[in-house]
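Student: My questions will all concern the structure given below.
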Amino acid sequence: MADLVIDRLAWAYIGIDIAWTVALICGMGFLYYHRELPCIRIRRLPILFLGIIPLHLYGFICVIGYVLGALVPCTAMFWIMSIYLPFGIAMFQTANSQFLYIASRQKQFAHLSLQSDQAPLKQEEAERLSNSRWRRILRGVDRADKIERMMVYIGLGLAVQLAITILVFFGSKKFHPSYGLWDWDTRPSAPELVGMECSKGWEWWLSIVWQFFWAWIYAPYMLFKSRGINDVHGWRLQTICCCIVGLPASPMWLAGLYAPGMAHVNMKFIPPMWFSVCIFFMELVTIGFPIFEIFKTHKLRQETLHAIAAWEKRQEIVASNSSNFSSDCSTKQGLAGSSTSFSINEVHLTSRKSLDSQRSDLYTMTGLENALRTNAVPLLQFAALRDFSGENISFLMHMAEWRRAWLHLTVSTAEHRRQQFITAVSIYGHFVSPSVSEFPINISHVNMAALRDLFEEAASHIFCKRSIASGYSPTPFEEVSPDSGSTVDLRFGINLDVLGHANLNSVANMIRPRYEDVLTAYPIPEAFRETVFDATEKEIKYLVLTNTWPKFVNDVYASSQHDFGELKEAQDENWFKKSILCAR
């Protein structure tokens, strides 16, 4: 009877397993603790953890496989390799695919495009679907987001694999000598060789196909699709590293089983442990990159706050010097000319700031508000294409339009207030509601509760989940013509420069004028006024100021340094600020 292998190497493997697991738990806990940070929030930690945990458990078992030796039955190895490992790899690649999905959806904030993943649902098709349950299921899968569809397809693939695995298991006498359709002619006589020989044969081909599909077909395909993405989170680099470190696992496992030269290595390093090595590096990259991003985010936030404090201090000094200068001029008129000349020259000398000083000045809230007021499109494009936070800039831009609309009274006061309320409900559904918005803005629970109490009931009349027979369209902007009359009002058109349609994946008939009829008789809450979004807007502005804005300033600074050099700075001391405020 086989016994446990307990030697120095076995204890080393056990220690490695324990240390590896503890480190992983600490890393996952650290990410969960910082789950509200924008750079972590977009990664959807539940899906990320669901992709890591199954693979880690498999890697853990493979490492202690040296200790267990021949105690692991051939049947258990077959089921683990045929069902559990493919499921773990598939879930990990699903979590890895979030990068491509988020990037593609955010991209629509910045592009003048009416294209999307789904076509509008026609009334005739809706009627046919309402009479067929299977058609509704298939259509629902087709219209789900990419991650949801991928999980459905993985479930279907595993169901097919389970059926084939059951057939192979009960058909092969390798797993039960007393019955079966196919005999095992090469059964080894030595018990210690049974485990090794059991892992060979045609019965394992289905598991090998799955492994090679995810590692050698899907992963390179995902890298090809993401080749044009240049995000500031290092997410694409993380995805590349994960795909590369996952490639050797299956080939090395097969080499350990079939290559005669690997026999000596297998005595100390069993073939399944090659999976453990690759899984370790995959986890290291998947957990390590977000942790590094957390530290980088905290550092950038502190630099921004220090720059703001330094700017405020300089403003106080300038104000104090201006006051002293005015006092001197009023009491010493005889020396006014020379004093004024000297002071002006001194002011000119101190006002010629270096490029770093200009960048520091732009870190302030004044710099952000100037960019939003003069030309927010470059900031929006950066946020959507590189920072994946386009919803925040789009929200601030729509808030500015909404506030300006309060000042332009074109109808009666009551009607104007109702129009503003309807637009406010639209903004709430697009950007705030977690159940409707594809990318809800990240605000405190207090502000969320206040807006929910004010708009949720009204929003439910517009954004409620309608039945499929009602012609519900999850992408209503698809039915808007490019030459729509209004370009800023959410009720009559869409500003494709500002919003796109990435944030409207779950909004029903949002921009059609007829939806206003739904709220015609709805009583406007007494608490509704022009200031209802003040706290939320302030919170999002601060979030942008300490996250997206300094990244944008640094990006423009780096590109400006490369494109213009110091000569441009000498020609115009404010050229860097102009490059921030002007379209690029």
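Any Cβ shown, glycine's included, is placed from N, Cα and C.
Quick paste from TrEMBL:
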type: TRANSMEM; residues: 12-33; note: transmembrane segment
type: TRANSMEM; residues: 45-72; note: transmembrane segment
type: TRANSMEM; residues: 78-103; note: transmembrane segment
type: TRANSMEM; residues: 152-172; note: transmembrane segment
type: TRANSMEM; residues: 204-223; note: transmembrane segment
type: TRANSMEM; residues: 235-254; note: transmembrane segment
type: TRANSMEM; residues: 274-295; note: transmembrane segment
Student: Under an 8 Å Cβ to Cβ limit, what residues of the same chain, 6 or more beyond the ends of the transmembrane segment (152-172), are close to it?
Tutor: 75, 78-79, 82-83, 86-87, 90-91, 94, 141, 144, 180-182, 184, 201, 203, 206, 210
Student: Between the transmembrane segment (78-103) and the transmembrane segment (235-254), are there three or more CB pairs that fall under 8 A, provided the residues in each pair are separated by 6 or more in sequence?
Tutor: yes
Student: So which residues does the transmembrane segment (274-295) touch in its own chain, when a touch means Cβ under 8 Å and the partner is 6 or more beyond its ends?
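Tutor: Contacts of the transmembrane segment (274-295) (Cβ under 8 Å, skipping residues fewer than 6 from its ends): 20, 24, 27-28, 30-31, 34, 37, 39-40, 43, 48, 51-52, 55-56, 58-60, 62-63, 85, 92, 95-96, 233-235, 237-238, 241-242, 245-246, 248-249, 252-253, 256.
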Student: Would you mind listing the long-range same-chain contacts of the transmembrane segment (204-223), meaning Cβ under 8 Å and 6+ residues beyond its ends?
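Tutor: For the transmembrane segment (204-223), the list is 78, 81-82, 85-86, 89-90, 93, 96-97, 100, 161, 164-165, 168, 239-240, 242-243, 246-247, 249-250, 254.
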Student: Any residues 6+ beyond the ends of the transmembrane segment (12-33) with a Cβ under 8 Å from its own?
Tutor: 40, 45, 48-49, 52, 56, 59-60, 63-64, 66-67, 280, 283, 287-288, 290-291, 294
Student: Under an 8 Å Cβ to Cβ limit, what residues of the same chain, 6 or more beyond the ends of the transmembrane segment (45-72), are close to it?
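Tutor: Hits for the transmembrane segment (45-72): 2-6, 9-10, 13-14, 16-17, 20-21, 24, 28, 31-32, 35, 80, 84-85, 87-89, 91-96, 98, 147, 191-192, 194-195, 268-270, 272-273, 275-276, 279-280, 282-283, 286-287.
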